[in-house]
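As given in Swiss-Prot:
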ACT_SITE  Cys108  active site, nucleophile
ACT_SITE  Cys204  active site, cysteine persulfide intermediate
BINDING   Ala14, Met15, Ser16, Gly17, Gly18, Val19, Asp20, Ser21, Leu40, Gly132  ATP binding site
DISULFID  Cys108-Cys204  disulfide bond
SITE      His133  site 'Interaction with tRNA'
SITE      Gln344  site 'Interaction with tRNA'
Amino acid sequence: MINLGAKQSTIVVAMSGGVDSSAVAAMLNEQGHNVIGITLQLYDHGMAVGKKNACCAGQDIYDAKMVANKLGIPHYVLDYESKFKESVIDNFVDSYLQGETPLPCVQCNKSVKFRDLIKTARELGADKLATGHYVRKINGDNGAELHTGLDPAKDQSYFLFTTTKEQLEYLRFPLGGLTKGETRKLASKFGLEVADKPDSQDICFIPDGNYKSVINKIRPNSSESGKIIHVNGFELGEHSGIINYTIGQRRGLGIAYNEPLYVVKIDPKDNIVYVGPESALNVQEFIIRDVNWLADEIKDNEKLEVAVKIRSTRPPRLAEISKLGDDKMKVKFLCKEKAVAPGQACVIYAGARVLGGGWITREIR
C-alpha cells in the first residue's frame, strides 16, 4: 500500500468518476487521511454535440458522488465550465484555425486541473492535492522531480510537462508505481463499483470524435476552402478548410497523383495546404515556445543531449537542445524524425525524469 506519510493530512482528491481517482480516494481514506473529493463539471456536451455521459459530466459526476458516499468522505462538484471553455476549448479551436494540431488535455491539466484546482484546494485548507495520474514525484537533491509512471503502457508524464516546480511540491500521485491492473484490483478490494469501468478514450468535449462540428459551432464559417500546393510549387487542387488537415495526413486529401502524398505544411495566413512525398516529412530541428523547465538551469551557450517525445504515442528520440532566450529552445534530432506538428508538445527527458517541455512552433527545418 502506498503511504503519503504517517501524519494525518487533509488531502483533496480530484475525482473524475473513473477507477483511478476513485482508487486514490479509497487508499488515502484507508490510511486515515482527511479526504475531500472534488469533481469538476467542465462541459455541457449538449451545447456542441448532443452527447451525454462523457468525461467530467453526467454519469461520471454521479459515479464520483457514489464512490464518495461509499467511502464516507465529503464530495463537492465545482462548475468550471466557463474556465474550461476559456482555457481549453477556445484554445483548441483557435489552434486548429492557426493550422496547428492542438493538445487539449495538456491545456486542461495546466489550467483548470492544476492551476485552478490547486487554488481551490488551498482555500479548503488542504495540505495536498492528489490525482489519479500515472506519474511519479520523486524528491531529488534540489526538490521535487517529475518522473514517468513505472507502467510504460499507462505513463502520463507527456501530458503533465507544464506542471511547475511549485505545483509539483503540492501534488501527490499515488498510482505512479502501479499498473492499471493493480489499480483495478485495489478498487475491487475496496468494493468500488467503478472497478471495471472502461477508460475514457476520447477528448472529453468531443465524445463522438467529430471535432469539426465543435469548431464550426464556436467559430462559424471557419472552413474556408483554399489551394492544395505541392512542395515543388505547383497547384494540385482545392482543400475544404485547413481545420480538416494535420501534418502527416495521407488519407482524405481528395487529390490524385502518381505517388502517395502527405500534408507537410499548413499556411493559415494564405490558407494553403502543402503536400509532398513521405520524404518531405523528415525534420532535423525545430523550435519550441513557452518552455516549462523543471531541472537545473541551462546556460545560454550550453547544448544538452536528451530524449524527446513529440507525440504521446511515440517513443522518445535522442536529440540535442539549447536555449533561445527565456522561454524558447532549439531541438535538434540526432536522426531525422517524421511529421513534427506545430501545436503538439515536445517533452524532454533524462531517463525517467521529465526535464521540461514546450510547444512546437512553425519554425521547423
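Every residue gets a Cβ built from N, Cα and C, even glycine.
Swiss-Prot feature annotations superimposed on the structure.
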| residue | record | Cβ neighbours (10 Å) |
| --- | --- | --- |
| Ala14 | ATP binding site | 23 |
| Ser16 | ATP binding site | 24 |
| Gly18 | ATP binding site | 21 |
| Asp20 | ATP binding site | 25 |
| Leu40 | ATP binding site | 28 |
| Cys108 | active site, nucleophile | 27 |
| His133 | site 'Interaction with tRNA' | 27 |
| Cys204 | active site, cysteine persulfide intermediate | 20 |
| Gln344 | site 'Interaction with tRNA' | 24 |
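Secondary structure at Asp20 (ATP binding site), taken from DSSP and collapsed to helix, strand or coil, is helix. Site extent for ATP: among the recorded binding residues Ala14, Met15, Ser16, Gly17, Gly18, Val19, Asp20, Ser21, Leu40, Gly132, the largest C-alpha separation is 16 Å.
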